[in-house]
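In Swiss-Prot this protein carries:
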- 8-28: transmembrane segment (TRANSMEM)
- 51-71: transmembrane segment (TRANSMEM)
- 92-112: transmembrane segment (TRANSMEM)
- 143-163: transmembrane segment (TRANSMEM)
- 195-215: transmembrane segment (TRANSMEM)
- 231-251: transmembrane segment (TRANSMEM)
- 263-283: transmembrane segment (TRANSMEM)
- 315-335: transmembrane segment (TRANSMEM)
- 347-367: transmembrane segment (TRANSMEM)
- 403-423: transmembrane segment (TRANSMEM)
- 446-466: transmembrane segment (TRANSMEM)
- 475-495: transmembrane segment (TRANSMEM)
Amino acid sequence: MSKDNKKAGIEPKVFFPPLIIVGILCWLTVRDLDASNEVINAVFSYVTNVWGWAFEWYMVIMFGGWFWLVFGRYAKKRLGDEKPEFSTASWIFMMFASCTSAAVLFWGSIEIYYYISSPPFGMEGYSAPAKEIGLAYSLFHWGPLPWATYSFLSVAFAYFFFVRKMEVIRPSSTLTPLVGEKHVNGLFGTVVDNFYLVALILAMGTSLGLATPLVTECIQYLFGIPHTLQLDAIIISCWILLNAICVAFGLQKGVKIASDVRTYLSFLMLGWVFIVGGASFIVNYFTDSVGTLLMYMPRMLFYTDPIGKGGFPQAWTVFYWAWWVIYAIQMSIFLARISKGRTVRELCLGMVSGLTAGTWLIWTYSGGNTLQLIDQNILNIPQLIDQYGVPRAIIETWAALPLSTATMWGFFILCFIATVTLINACSYTLAMSTCRSMKEGAEPPLLVRIGWSVLVGIIGIILLALGGLKPIQTAIIAGGCPLFFVNIMVTLSFIKDAKVHWKD
């Protein structure tokens, strides 16, 4: 083995502890599913009710930081000495594909039902005001605010990697300017990295927990094969195999091709919904929802509902902000990797504009379609959920479109590829973060990437065995708590170091 290859091997102190911790959590969960569900409910209630305000302030402050980067002294600073590695179109496609999975199709199709049936601000369920604010809240949760937080951290990691030429891509490695090299190389740095890795593994497991039932329900619809946990496991195994094939071709070929195919197919499917799902209504509903969003945004930003205690901000806003927090470092590391050579302003504006457009299109088309099906009494969503579960209800919203078989084939392929691209990005970052060192332009070991994707698949199966959305939401909330503090430290470390090395 060459010296370089040896150097790129795994780092035991950040590779084995997460494996052990996650293994213990899996064992305890499988050992008693009922007791695990009780713990899950208690954790979710405590974090969202006691600490929900912190997640809301975090998102607001990071959004303000995005404006500082775009219009401040660092706006024209370039992240690296070379030209951009990818074309602008492929760059945006890769960002969108890596940051979203079939979970986007999951929430995009059913989220509006929850918002209009149990709306915020004391509104009556299924009323006109509830329907008006339904899509507006989706645009809020999946709009410029969270993407801006990703772009800020992406700039931070790109700065440390391409400007400061750091070889190790782990959260702790960026904290030297803030806490000193002694603490980074000691117990403090190890704890930070292990928190990050455990949380990320849980987050990836939740994404699989959302995506897998959609695919298996598609299979049941198309082929008549019953949806079972065994079928879920087979689907997850197929994803892991495809991930291995993609990474074998390297980042440039494998991820780029998968991302491009997925993005073009997304446009095709959304175009189909737009054409046959009522184009006039969808455009009008989106336009009205943007106005509603602008009108209610100050309230949405700080809504904790301590008086009414309806639970809406805890169940949705805090949950989603924790979702964004838990994925922030992992996604930002990957986004920084593919943004070499771009300016700070280009990265921030490209990410927020491109990714907001993508998520808004998905939520507008799929959510608008679901609302029409409810209004026209074509589907009884509550009955479908009670009898068959949420995934079946989502499938029925797409199957209700004309040419249902062709539509379901497209939806099936899109869900499948979408999750492959997410696993690609996550396994790449996990492998990179558990290596001893990564030189600029190097790729993490293939077997390590595949190994991480296998572990994440196991987590997904366990969450599916628990059943329901609450275990998935709680895994996100619990993992988001420690990373909340890690994200803040990375941000402060970047600001402190940039003042010294990025002078005007």
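Heads up, the Cβ atoms here are built off N, Cα and C, so glycines get one too.
Here the transmembrane segment (51-71) does not touch the transmembrane segment (263-283). Their Cβ atoms form fewer than 3 pairs under 8 Å, with each pair 6 or more residues apart. Against the transmembrane segment (347-367), stretch 143-163 shows more Cβ pairs under 8 Å than any other of 8-28, 143-163, 263-283, 315-335, 446-466. Listed stretches 8-28, 263-283, 315-335 were compared with the transmembrane segment (446-466); the greatest number of C-beta pairs under 8 angstroms is found for 8-28. Remark: the transmembrane segment (143-163) makes no contact with the transmembrane segment (403-423), by the rule of 3 or more CB pairs under 8 A. Most Cβ pairs under 8 A with the transmembrane segment (403-423) among the ranges 195-215, 263-283, 315-335 are made by 195-215.
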